[in-house]
Ligand SMILES: Nc1ccn([C@@H]2O[C@H](COP(=O)(O)OP(=O)(O)OP(=O)(O)O)[C@@H](O)[C@H]2O)c(=O)n1
Ligand SMILES: C[C@](O)(CO)[C@H](O)COP(=O)(O)O
């Protein structure tokens, strides 16, 4: 492994930061979520392969569970990964935001475009990754894959004691999108966002919004869903089985 990066078509150098330091509390007891297996392969390796599948990505930075960096390094060494891609492993922080910042801090000079991709979205197709990169190359400072919602959404006063929650509003669903990763950024814009914005946020694009920069959406993909709860593991394994049946993946 080295931190060297290579130029790609169009002159832009693209790196992917994979925050993988979460515990996976909602998934239930066990190893850190990114290290749990999907059809025998750690979720993190699926996510790394999804980023490295893009020929534009020359460097992948994995932000590992703080006590798991050595294990992640040996997983990367033990699994087949594209030779054209370089890999770095850094320990993560207490929140997703801190982990992404630690990944950004590890990037070498010369990176133009950064993808931030959840290890918990191991099955994003390469066409989605490439669509995000292309939109950043075309000049958008921040690009997010997203899908329309299947459910109606209610705004409520959250209950703290299990009592029924009063509804405050029903936002018009046609104006809402569920956002996924990888989110793609002009490198300098994302660094500025992480240096400037201190509010708690749940994705990186929100930080860029708070800078006042334009965030745009491209179509997301059903298979880019986040493995959050136990049923998501069942779905992920079913998607892998379908891929294997369809094209020998
Ligand atoms: N301190 C943290 C917390 C989260 N993440 C990463 O951010 C991504 C999205 O987070 P989420 O799905 O919420 O993962 P967890 O925080 O592990 O889940 P939970 O909230 O259920 O514990 C995951 O790839 C997770 O590993 C991280 O790198 N560092
Ligand atoms: C970044 C993200 O995956 C976009 O949908 C999501 O916001 C992560 O949220 P989580 O609460 O850390 O699961």
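For all residues, glycine too, the Cβ spot is worked out from N, Cα and C.
Lifted from TrEMBL, the feature list:
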{"type": "SITE", "residues": "26", "note": "site 'Transition state stabilizer'"}
{"type": "SITE", "residues": "33", "note": "site 'Transition state stabilizer'"}
{"type": "SITE", "residues": "173", "note": "site 'Positions MEP for the nucleophilic attack'"}
{"type": "SITE", "residues": "226", "note": "site 'Positions MEP for the nucleophilic attack'"}
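Annotated features, which come from TrEMBL, shown on the structure.
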residue	record	DSSP class
26	site 'Transition state stabilizer'	helix
33	site 'Transition state stabilizer'	helix
173	site 'Positions MEP for the nucleophilic attack'	helix
226	site 'Positions MEP for the nucleophilic attack'	coil
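Counting other Cβ atoms within 10 Å of each Cβ, the recorded sites 33, 226 show the lowest value at 226. Distances between the Cα of residue 26 (site 'Transition state stabilizer') and those of the recorded sites 33, 173, 226 are shortest for 33. Reported as a whole number, the C-alpha separation between residue 173 (site 'Positions MEP for the nucleophilic attack') and residue 226 (site 'Positions MEP for the nucleophilic attack') equals 21 Å. Only 226, in sequence order, out of the recorded sites 26, 33, 173, 226 have a CB under 6 Å from ligand 2.
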